[in-house]
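**Student:** Pasting a structure here, questions to come.
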Amino acid sequence: MRNFTKQYINGEWVDSASGETIDVINPATEEVMGKIAKGNEEDVNKAVDAADKVYLEFRHSSVEERRELLDKIVKEYQNRKNDLIEAITDELGAPLSVSENVHYQMGLNHFTAARDALDSFQFEEQRGDDLVVKEAIGVAGLVTPWNFPTNQTSLKLAAAFAAGSPVVLKPSEETPFAAIILAEIFDKVGVPKGVFNLVNGDGSGVGNPLSEHPKVRMMSFTGSGPTGSKIMEKAAKDFKKVSLELGGKSPYIVLDDVDVEEAANATTKKVVNNTGQVCTAGTRVLIPESIKEDYLTAVKEAFSKVKVGQPREEGTQVGPIISKKQFDQVQDYIDKGINEGAELFYGGPGKPEGLDKGYFARPTIFINVDNHMTIAQEEIFGPVMSVITYNNLDEAIEIANDTKYGLAGYVIGKDKDTLRHVARSIEAGTIEINEAGRKPDLPFGGYKESGLGREWGDYGIEEFLEVKSIAGYFK
């Protein structure tokens with residue numbers, strides 16, 4: 001049992017104002033695995049005051065000092081590798097291999113990328129007699145989701161520290177323990193008091209007062225569109241800057257010159273990775289009519305090899321859905337797919353055989369999907385693929401862009417000119433050609449209803465900065 005019922009404020013572990021707690025459920029067992037503090041407005045006020053008090057000092061710290069701080073964090077993060085992997089496996093239900101190779105590694109990559117970005121980042125620029133200065137925006141409120149407990153927290157924290165902005169972090173109450181370990185890391189390496197503050201709790205008790213606090217100058221949020229909209233509304237009252245990374249319904253365009261088996265394996269991975277609980281999941285798979293039958297044979301074979309199971313069992317690739325609420329939502333979407341006329345090709349409702357305990361869903365493929373069906377337009381956040389056929393490339397691009405989202409897109413094939421044309425044509429913030437993978441120094445963010453702003457590397461640092469021009473500085 002993990003019991004962490006204190007908040008981390010101004011460099012100390014302190015009692016939460018309410019004295020109340022929240023149970024954290026292990027999704028693989030459906031049992032309580034720990035408790036965290038249920039914070040409230042009083043906790044938020046203390047945390048924001050601590051951050052505001054240190055703001056000017058941290059803003060004026062040198063680039064070298066902040067780089068050294070990030071370097072210390074990188075080293076201690078590596079020292080806590082096993083603790084982070086264990087926490088993520090327990091709270092998220094991620095298989096041990098996924099906790100290590102995806103979650104732990106992505107967090108490390110972001111701290112490293114922010115540290116390295118400081119080697120060349122230009123905080124000042126001379127333009128003739130004038131000076132352009134980039135300086136920390138002020139106290140930043142960070143609200144992070146449950147599906148990537150280290151990735152989403154690390155990329156925001158690393159950028160804020162690099163920029164010189166103190167923060168108040170509210171991690172998801174469903175996966176809070178990785179963030180608590182990060183707090184322990186920061187405490188050990190000597191992050192200055194007030195620069196990092198952790199307030200656990202729920203959205204109404206912590207997220208809302210954080211978004212509305214007059215001393216908070218920026219809100220950075222990753223999560224659902226409706227919640228992002230509410231944060232924008234609250235932040236708009238005093239014109240806070242807002243950075244949002246929201247949902248997606250990403251297209252995966254398969255070209256007609258592709259190696260079919262390779263395409264089947266690649267598209268399968270993009271759907272089942274992290275149990276489909278990925279905002280960039282390529283769940284709309286667009287297949288040329290000419291290779292449809294060969295692809296369906298290959299993708300069914302690929303899905304049949306995916307092992308769903310308990311996170312600590314050897315060979316498990318896909319763990320449980322995060323919660324009963326989310327599991328029920330995935331089941332509802334599968335039912336909608338059937339009821340709206342899509343053909344169930346693989347998987348379907350219910351749990352995999354032998355997995356009655358835990359929120360395990362069956363990896364599922366729908367075929368003959370119309371792009372206007374619910375399962376093709378709404379983010380499911382589960383391992384559900386929608387296969388849509390197309391007759392020509394223009395039609396594929398039109399289908400790909402016929403969505404309110406624009407977070408990611410994928411294309412796989414052989415002809416380089418066609419691959420590049422498709423990549424440029426998809427209306428999304430990040431595109432992968434032939435499973436190239438996203439490096440942590442590339443910008444990450446979405447078009448349309450997938451968000452505002454960009455994160456990762458130097459682009460992430462920019463989000464936490466204000467720009468000042470000083471005319472006549474060099475006269």
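Backbone N, Cα and C define each Cβ position, glycine as well.
According to Swiss-Prot, the active site annotation covers GLU245, CYS279, on the basis of similarity to another entry. Here Swiss-Prot flags GLY201, ASP202, GLY203, SER204, GLY205, VAL206, GLY207 as NAD(+) binding site.
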**Student:** Please report the distance from the Cα of GLY205 (NAD(+) binding site) to the Cα of CYS279 (active site), rounded to the nearest angstrom.
**Tutor:** 25
**Student:** With Cβ-Cβ distance below 8 Å and at least 6 positions apart along the chain, what are the contacts of VAL206 (NAD(+) binding site)? List them in sequence order.
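**Tutor:** Sequence-distant Cβ neighbours: GLY39, ASN40, ASP43, VAL44, LYS170, VAL199, ASN200.
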**Student:** Would you count the other C-beta atoms found within 10 angstroms of the C-beta of CYS279 (active site) for me?
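**Tutor:** CYS279 (active site) is surrounded by 25 other Cβ atoms within 10 Å.
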**Student:** In the same chain, which residues outside the set GLY201, ASP202, GLY203, SER204, GLY205, VAL206, GLY207 have their CB within 8 A of the centroid of the CB atoms that define the NAD(+) site?
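**Tutor:** Along the chain, the qualifying residues are GLY39, LYS170, GLU173, ASN208.
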**Student:** List the same-chain residues at least 6 positions away in sequence whose Cβ sits under 8 Å from the Cβ of GLY203 (NAD(+) binding site), in sequence order, or say none.
**Tutor:** VAL143, THR227
**Student:** Counting only residues 6+ away in sequence within the same chain, which have a CB under 8 Å from the CB of GLY207 (NAD(+) binding site)?
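**Tutor:** When sequence neighbours closer than 6 are ignored, GLY207 (NAD(+) binding site) has VAL143, LYS170, GLY201, THR227, ILE231 within Cβ distance under 8 Å.
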**Student:** Out of these recorded positions, ASP202, GLU245, which one has the fewest other C-beta atoms within 10 Å of its own C-beta?
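**Tutor:** It is ASP202 that, of the recorded positions ASP202, GLU245, has the fewest other Cβ atoms within 10 Å.
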**Student:** Around the Cβ of GLY205 (NAD(+) binding site), how many other Cβ atoms lie within 10 Å? Please give the count over every shown protein chain.
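**Tutor:** Neighbour count, Cβ to Cβ under the 10 Å cut-off: 25.
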**Student:** Measure from the CA atom of SER204 (NAD(+) binding site) to the CA atom of GLU245 (active site) and give the result in Å, rounded to a whole number.
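**Tutor:** Rounded to a whole number, the Cα-Cα distance is 20 Å.
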**Student:** Around the C-beta of GLY201 (NAD(+) binding site), how many further C-beta atoms are within 10 angstroms, looking at every protein chain?
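**Tutor:** Within a 10 Å radius of the Cβ of GLY201 (NAD(+) binding site) lie 28 other Cβ atoms.
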